[in-house]
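Have a look at the structure below before the remarks.
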């Protein structure tokens, strides 16, 4: 598959642009141009042979394998499996950023999958509520994919379509009615193909790119599909909250994979200027986080504003979900260290000890996070993720990317399935307990919990059919779906579209027929994945044992067309029109639907199902309950009950003790029935015959709250406006403790759970440099606090990450982060961190 001559000017221009970008290295312009042009000639002269597919990359030659697909409308693909994109992160490189792979001299066979990153898939310890239904229902199949584990796991898989364009054109001219000759064929004259990099989900703890076969999507959409392995769990996201272990190694793996892709995908016929990242669940939140990181900037084929990728698709996951970021990483690092017998009093010794432990010993430890949260995941380190994702979005850090995102109709299925007798509906007592448990685990403001609990019950009760257990089950499913997925996705779409950046929103309303899910289930978390990958076109698989119908095949073709169109142009409607007559003669209703761009005003979204339509304001009432009313209820409660609770700031000569007798235990566990006994919390839903004073009180309270909020809004208009403007330039954060006190002190001493909305700005200004702050001097916006559990108040801030542990006097900076030499990968962390001034309005 040789690149056409018409692409010469395009690649020459890219080579020249690359020279301009790399001119800063000091090399003479003549030599730079000569080297880049020689490399361009090498790329153009390569030919991908279908019989013996051999590609020469920057690191050596690799041989792939040709695979035929079980569908006559799908051409074969060439698979390159187990391609290394980074060096093994083993030994002293554990808990360090990735380095480039070592070159190889012989031909490397890329015909089978590489080992997966270490993980422990044990039924009963998995966060089932955050995993796809097909994942948890087929653990035996998933386990077969993750048997071969190794820390040497940083590999990717490449799926390249190989259909001969000329042969297709001739056959379509001779037989226009042939199935392969569909209207607006997706072949585009053999030019460089768009690239789609899939990031797998799994709550940052489980999964592998090997699970997801990109062959059908690549063949049908005429795009190159890449799946990636990245470090998971403790090995990918352990953080001590300081320089000893900054965390986010899994995200840095993904960035390295994207850098490898941008520098090598041209050898496979791919376009380095049309790279789209997409993922589902935790993979979707990774996609969102990558759009917010300055490490995603920089592409050798263009100027730095183009980035390592240009478009992003976040399926059922954004950076604003409660489980997207770990706000208490140091606590879980100490819990793990205690379990394996490492010293927790010094973070440097802790990390050195963990580096020497067998990886299996670390992975096998059961470190349970607070419910609806994660123990080991991305952290706000002040570098890879410079600030809270919501703040970064408000500042426009992701405005340069085209973004498509959406949710499934019934994401929260697993939350409801875990309730007793959910198949027969949900009883009033179970409903009450589920809501109470939900509030207790997500909101750390005890003064207002009763009002919040009753407000949620009131809003999620269908008063026209409130005695029906099945109706109660439906509303409870909506509660979990709205809070954990819908509201964060809508908030993300609003923030992105506010900058005029192309934004597309969808709601997925279809799932395949299978006996593994209850009949009452809607499209659950992860149910869109088989349709994106084109599984219905090749029939059931072990992982997706569905009874696929022609409607499933049609819908999969529709979804793949939208996704690949977006990867090609940033517009899901172009260039390929929706036409599935090659499947059956039944009209495709998507042909008459134009997916309109999303804006905060209209909030238009595409309903993806058998009856597609463009609608507006998806679940607006419930979304605004979570984004507007609930944060203001907290604010109102704090204003009405506020008393000064500011902790006295001790002088620096006071040494914090590792523990106190009255300190709260650092371990967290799921709430028990004893803790949240519904009998101790009378509910209006527990019995049928009762007075309705509670509901009336809640109604009056909500109404009074809204009235009072309107009054407050006028009174505080200018104050909030000025505060918002100043917060963009100056956000208060905790002062650093001396030496290693961050890890010595319990979390409750470092950050107060009672973050009051008061005039603490004045307190910030009055704090002297020599003072040690034991609590958040300037509390974050309440909308940010909504994602944090009672024991997950954030330790990480942009300032705390720059700390260098120095419990030993005169110690030198430890665990220097590896840098990439030779001009490659030179934007990953450097040994001596210094404050990074990231642009808030990249253009």
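Placed from the backbone N, Cα and C atoms, the Cβ positions cover glycine too.
Just so it is clear, the model here is predicted, and its values are computed rather than measured.
Swiss-Prot lists 117-153, 172-181, 342-353, 512-546 with the feature disulfide bond. Among the features that Swiss-Prot reports, N-linked glycosylation site is placed at 109, 303, 343, 547. Taken from Swiss-Prot, the feature O-linked glycosylation site covers 683, 686, and the record attributes it to experimental evidence. According to Swiss-Prot, the feature topological domain 'Cytoplasmic' maps to 719-843, an assignment based on sequence analysis. Annotation source Swiss-Prot lists transmembrane segment at 698-718.
Location within the structure of each feature annotated in Swiss-Prot.
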residue : record                      : Cβ contacts under 8 Å, 6 or more apart
109     : N-linked glycosylation site : 62, 63
117     : disulfide bond              : 149, 151, 153, 154, 208, 229, 230, 231, 232, 235, 236
342     : disulfide bond              : 349, 350, 353, 354, 357
343     : N-linked glycosylation site : 337, 349, 350, 353
512     : disulfide bond              : 527, 530, 536, 544, 546, 547, 548, 552
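Of all the Cβ atoms in the protein chains shown, 26 others lie within 10 Å of the Cβ of residue 153 (disulfide bond). Of all the disulfide-bonded residues listed (353, 546), 546 sits in the most crowded Cβ setting, with the most other Cβ atoms within 10 Å. The secondary structure of residue 109 (N-linked glycosylation site), as reduced to three states from DSSP, is extended strand. Taken residue by residue with DSSP, residue 353 (disulfide bond) is part of a helix. Packing around residue 547 (N-linked glycosylation site) is summarised by its Cβ count: 10 other Cβ atoms lie within 10 angstroms of its Cβ, all protein chains included.
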